[in-house]
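Below is one structure, written out as C-alpha cells, with a few remarks after it.
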Amino acid sequence: MKKRNRKIAAALGIVIIGGIWYNGAQSSKALPSEQASPTSSFTPLPSPSDEPSQSPESPSPSASQAPDKSPKPSASASNPPTAKPTETKPTESTPPTEAVKPPVKESAAFELLADSLPGSTVRKNKQGLAVITNASSLYVLVNKQRNLASDYVPKDLIVPDVPFSFSGDSPKKQMRKAAAKALESLFKAAKDDGIKLKAVSGYRSYATQKSIFDSNVKRKGEKVANRTSARPGQSEHQTGLAMDISSASVGYALEESFGKTKEGQWLAKHAAEHGFIIRYLKGKESVTGYSYEPWHVRFVGKEIAEDIANKKVTLEQYFEDAETAMARKA
Ligand SMILES: [Zn+2]
C-alpha cells in the first residue's frame, strides 16, 4: 500500500469509528430519559393500540400478575415489541425536542374522557379542599388529591347478582348499575373458566369510610392507615364503581397474597374484558398513593379498561396522557 492510500484508509477509519461512537453516544443518551418517563410505553407500534385487538393473553398480566417482587416484570416480559424504542427514532420528527418527553400515543379511548379530564373537574371548597365536580361520571378520578363531596351518593346503586363472601343485606353489596352489570359478566366468565370468585365489598358511604379510616388510624397509626385505607372522600368505593373481590383460597381476605392465587391471576388477566382495571398496581404506590391491591377492581368501561391494560399504566398516568393528548389537539 502506498503512503497516500494508507493515509486515506486511516482517515476513513477515524470517520467510521467516530461515526459508530457518535451513534452509540446518541442512543445511550436517549435511553435514560425514555425509561424515566412514565409515558415510555407509548412508543409507536406498528399496529394502532386504539383498537383493543389484544388477545386475552396480553391485556392485563400487568404488574399485578407478577409472580415475584421484581419491580417491572411485565414491561419486559410480555411486551417485546416496545422493548427497543430507540430503533424507531429516525422516523419521528424532531428527535431533539421530542427526546425529553416521547409523544403520547393517541388513543380513540381518550375521546371518551374529554369531559372528565382531571384539570377541569375539580374545584377548591371553602376549606381549600380539592373537590371533584364530576362525581357521577363513570370516568371519575378519585385519589388523595381529588375528594368526593361528603354528601355524594350515587343515584343508581343496585346489588349485582354475584356470589358474596358474606350473607344478608348490606349497603356494601351495591354498585352503580353499569358497574354491577359488568361485574355480573366478569363473574360469569370466571365461573365458565372454573374460577370461583366472591365479591367482598362494594359501595361505601362517606360516613362508613370515615369510621373505617378512623379505626385504622387507632389500630395502625395515621401513616399506615393512609397508605392502606382511604380518607373519607378519597375512596373509590364511594363512587359505587369499585368492588373488592377475593377467593376461598385466601379465606376471602383482602390481602396481597390474593394476587398469587389462580383466582387473583385470572382476575388480573380478564378484568379489562369486562370494563374493570386493577386500580392499585404493584410498584405504583408512588403514583396511586396506595399499596398494591390485587383485589380492588374499578369499573371504567371496556374501552378505557382495555386501553389501560394494554398500556400497563395506572389510571393517574392514563389521565395525564389523555390530558396531554387533548391539549395538543386543542
Ligand atoms: Zn377496595
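Just so you know, glycine gets a Cβ as well, placed from its N, Cα and C.
Automated prediction, rather than curation, is the source of TrEMBL annotations.
Note that this is a predicted model, so its numbers are computed, not measured.
Annotated features, as they stand in TrEMBL:
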REGION    28-103  region 'Disordered'
COMPBIAS  37-85  compositional bias 'Low complexity'
DOMAIN    173-302  domain 'D-alanyl-D-alanine carboxypeptidase-like core'
*Work out, from DSSP, the number of helix, strand and coil residues along the domain 'D-alanyl-D-alanine carboxypeptidase-like core' (173-302).*
69 helix, 23 strand, 38 coil
*Which whole number is the mean pLDDT over the domain 'D-alanyl-D-alanine carboxypeptidase-like core' (173-302)?*
96
